[in-house]
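Here TrEMBL flags 58-81, 93-113, 143-161, 168-190, 210-233, 254-272, 428-453 as transmembrane segment. Annotated domain 'Ammonium transporter AmtB-like' per TrEMBL: 58-480, in sequence order.
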Amino acid sequence: MAQSSCPAAQLAQYIGNNATSAAAAANLICNQFDAVTKQFAAVTEQYTDTRHAVDSTYLLFSAYLVFSMQLGFAMLCAGSVRAKNTMNIMLTNVLDAAAGGLFYYLFGFAFAFGSPSNGFIGRHFFGLSKVPSQAQDFDYSNFLYQWAFAIAAAGITSGSIAERTQFVAYLIYSSFLTGFVYPVVSHWFWSTNGWASAFNTGNLLFNSGVIDFAGSGVVHMVGGIAGLWGALIEGPRIGRFDHAGRAVALRGHSASLVVLGTFMLWFGWYGFNPGSFNKILVTYDGSGNYYGQWSAVGRTAVTTTLAGCTAALTTLFGKRILSGHWNVTDVCNGLLGGFAAITAGCSVVEPWAAIVCGFFASLVLIGCNKLAEIVNYDDPLEAAQLHGGCGAWGIIFTALFAKKEYVDQVYQSGRGYGLFMGGGGKLLAAHVIQILVITGWVSATMGPLFYVLSKMGLLRVSPEDELAGMDLTRHGGFAYAYEDDESHKHGIQLKRIEPNCASSTPTSV
């Protein structure tokens, strides 16, 4: 801050018993103080501008990380399906982002965060009107970040119905999910007006509200349950279960793409979870303290990492015991299950609790997969089991292990905290309600949508197209091709293994 100067020689000429001289001296001194005050105000404004710039840059960078998860989804999906459906699943991932961007811009962001509003749905900011909004503390960076979350939920659903779904069905469900179904849920739990939000400044659910920091329920359960209904209504892929109802493995064609996609998702999760603070330049317990929101951001990244690592190792040894193999695909899914589970409580739990979260997330995933085989449920990417099952566990976990100190810092004092941390059962009760209402809402909206699409013949492809592969029948050719010496293109040669079929003649798929 600039210092004021008042030279003694300049002031001395006014000193005396004369009232006029005394007034002149007072005016000079006051003018000097006025100048200092203006300089201080200018510095304060510069600090405010810098804080907004830093926070906005942090949120934009986090949005870029979350958007990079779309590449991870695309690689994971491509590697998890058979080669004959690669172009189809890649195109659906592109369309999730493109259609989701348009519909979230027109409707979704307004339904989610259009305050002031009622507790059920937002009603302002359609088409980003009146954005930026100083009153609501919204800028364009907030929209971009939330859009990246919305299309992540749509990407989860696409994995559940892969290899047998018509392209038009992808367009319809993705637009509906990102434009209406997901935004309503995010309004309930993330908006300051949401009826169950811990950010609500009025009435709180069970005097606590729901602590779903980055979306184990809002994102992962929504996408997983939507995928569950789509896969149930479509039915399993041809050949997934034999005539006796026993599961037959229809393995994806590229473990390399699965691993690449998993690492891309891991990288993006550091924007998904730590970025959900929205701001980084926030002090705790007054200024001048080395501990602030920047430290909470770091702790959130650590809890995210530990949960994923623990789940990966638990899945590795668990599946080794059950199947006798060290399976890299199972390990990748276990890792992602740990991430999905810790997403709700990543900012309000200790690092040691994240290890507990990851361990049980792996067991939940293994159990859900076993149940899926028993009931003949077919999900090529285990999306409903991973995101729905592990997401639900993450919500319960947060209600058990949320630490009061961290809850008070991230939210406000007076919110509920973990049952095992001495907080009683009000947060757990709120989180049980969250699981129930998300399940009910998504079932009541996406279930009928998939059913109507099925009845209209717009959901599942024909058996002939499914057997031949949608890359050939719907997209004009195979994803993989090469040139031989005679410059003729051929589809990649793979060995098709059909159930109860002794022949293993290589065929072009």
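Placement of Cβ uses the backbone N, Cα and C atoms for every residue, glycine included.
Nobody curates TrEMBL annotations by hand; they come from automatic prediction.
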Give the nonlocal contacts of the transmembrane segment (168-190) in its own chain as ranges (CB under 8 Å, at least six residues past its ends).
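For the transmembrane segment (168-190), the far contacts come to 92, 95-96, 99-100, 102-104, 106-113, 117, 119-122, 146, 149-151, 153-154, 157-158, 161, 196-197, 199, 210, 212, 215, 217-219, 222-223, 226, 230, 434, 437-438, 441-442, 445-446, 449-450, 453, 458-459.
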Looking at 58-81, 143-161, 210-233, 428-453, which one has the highest count of Cβ pairs under 8 angstroms to the transmembrane segment (93-113)?
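When the Cβ pairs under 8 Å are tallied, 143-161 comes out ahead.
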Six or more residues beyond either end and a Cβ under 8 Å away: which residues meet both conditions relative to the transmembrane segment (210-233)?
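Contacts of the transmembrane segment (210-233) (Cβ under 8 Å, skipping residues fewer than 6 from its ends): 149, 152-161, 165, 173, 177, 181-182, 185-186, 189-190, 196-198, 272-273, 276, 340-348, 377-379, 383-392, 394-395, 398-399, 402, 407, 410-411, 415-416, 427, 430-431, 433-435, 438-439, 442-443, 446-447, 450-451, 454, 459.
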Would you mind listing the long-range same-chain contacts of the transmembrane segment (428-453), meaning Cβ under 8 Å and 6+ residues beyond its ends?
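Beyond its ends, the transmembrane segment (428-453) has Cβ neighbours at 157, 169, 172-173, 176-177, 180-181, 184-185, 188-189, 196, 205-206, 208-212, 217-218, 221-222, 225-226, 229-230, 233-234, 392, 395-396, 398-400, 416, 419, 459.
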Averaged over the domain 'Ammonium transporter AmtB-like' (58-480), what pLDDT does the predicted model reach?
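Mean pLDDT for the domain 'Ammonium transporter AmtB-like' (58-480): 94.
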